[in-house]
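Below: the structure, in C-alpha cells.
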Amino acid sequence: MKGPIKFNALSLQGRSVMSNQSNDTTITQRRDTMNELTEEQKLLMEMVRNLAVREIAPRAIEIDENHSFPVHARDLFADLGLLSPLVPVEYGGTGMDITTFAMVLEEIGKVCASTALMLLAQADGMLSIILDGSPALKEKYLPRFGEKSTLMTAFAATEPGAGSDLLAMKTRAVKKGDKYVINGQKCFITNGSVADILTVWAYTDPSKGAKGMSTFVVERGTPGLIYGHNEKKMGMRGCPNSELFFEDLEVPAENLVGEEGKGFAYLMGALSINRVFCASQAVGIAQGALERAMQHTREREQFGKPIAHLTPIQFMIADMATEVEAARLLVRKATTLLDAKDKRGPLIGGMAKTFASDTAMKVTTDAVQVMGGSGYMQEYQVERMMREAKLTQIYTGTNQITRMVTGRSLLFPS
C-alpha cells in the first residue's frame, strides 16, 4: 500500500470501501459504539466543518439563485483529495470507508446541498469501477482521480421511460469485434454535463431481462456521446441534471465493467450504497435547517421576549431535534453494516434513506414555519433547504419504492 494521503496537516491511511484488509489504526477503523469516532475522523470532520463554513456556506445562495456549478468547492475538494473519497489508496485515492464519507456529506449538506450532491454524485460515478471493475479497468481509470485531479464522473442509468423501473431502459450495447456500440438516451443524470467519465448501463441482451444488462465506462470526447440540456430544477440547482445521448458510440470491450450480463446486479449494489449517501445528505440538510431555526428563535422577539420562550416553539424544536438525531443514528447503523459487508446493510440502508429524507422534508418545512415570514425569505436560507430536501425523497429511488423494497425484504426474506 502506498503512503498516507494528506489533508493539509491531517494524515490518513485507510482501507477503501472495497478492501478486505484491516488496519489497526485508520480513519476507517470500526469502534465498539456507532458514535465513537477515531481521532483521525475527528480531525477530518473538523477540517470539513471549517471548509464548509468558511468556503462553501457563503456561496450557497448565489449557487442556488444562478444555477452555478460549485467550481470553487470542486477545486478545494480536489486539493484535499475529497474528489476521490472511495478510491483505494493503492490507486491514489483517499480510501475512505462508507461511514466516513457519509459524515463528510452530512457536514457539507448542512450548508449547501448542491455542493454535497456534486460530491455525492462524484463518488457514485466511481462506485461500479471500484466495486466491480477488473484489475485492468481499475488501473486504467482510478489513478486518474488522484493527484489533485478535477476530473468529474457521473452515474448514468435513468432514462425517460426507466426511472423506478430500471429494467425498462431502452439503451442498447451491441458487441462488434473488440468494441461495443451503444445507442440510447439517459436523463436526469447528476453531474452529467460536467462529467469527464461516465458509468453507463445498457442492455447487451434484452431477451434475458435483468441478466442481460451490462455496465460500461464512457469518456468525454468519445464520438457519439452527446450532452443534452440541463434541467431547470426546484432545488439543488448548482449540481446539473442532464440529458445524455449515445449515437453509435463505440467503446472498447475492455471498458466493460465486470462481466457481461451482470450490470443489473452491479446497479443494485451501487444503489444500496448511494441510498445511504442520500440519507446522509438529508440529515445534513435537516440539521442545517434546525440550527438556523433555533438561532432565529433566540433572536426574534414577540410579546416582549424571544419566541424561544414560547411553549409551541419549544415543542416544535424538540420534535425537530429528536427526529434529526434518530435519522442520524439510523444512517450510522446502515453505514456501519455496509462497511462490515453485513447482509442487513442494504435493508437498513433503504430504511435510513426513507426515514432521513422524510425527516429532512418535515424538519425544513417546520423550520420555515418556526421562522414565519422570515423563513419564507431567501436570505434566511431555510426556504432553499426545504426545496432541497424534496429531492432526497425522490432520487436513488422514491420513498414509495424504497418502502416497497423494504416491506418485501422483511416479509419475503428469501
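Every residue, even glycine, has its Cβ placed from backbone N, Cα and C.
Of the residues Thr190, Thr365, Swiss-Prot puts just one in the FAD site with Ala157, Thr158, Ser164, Thr398, Gln400: Thr190. For the cyclohexa-1,5-diene-1-carbonyl-CoA site, whose annotated binding residues are Ser164, Lys211, Arg275, Thr396, Arg408, the maximal Cα to Cα separation is 23 Å.
Highest Cβ count within 10 Å among the binding-site residues Thr158, Ser164, Thr190, Thr398, Gln400: Thr190. Around the Cβ of Arg275 (cyclohex-1-ene-1-carbonyl-CoA binding site), 27 further Cβ atoms fall within 10 Å across all displayed protein chains. Under DSSP, Asp124 (active site, proton acceptor) is assigned to a helix (H, G or I) in the three-state scheme. Comparing Arg408 (cyclohex-1-ene-1-carbonyl-CoA binding site) with Gln400 (FAD binding site), their Cα atoms are 12 Å apart once rounded. Separating the Cα atoms of Ala157 (FAD binding site) and Arg275 (cyclohex-1-ene-1-carbonyl-CoA binding site) is a whole-number distance of 15 Å. Neighbour counts were taken at the CB atom with a 10 A radius for the binding-site residues Lys211, Arg408; the maximum falls on Lys211.
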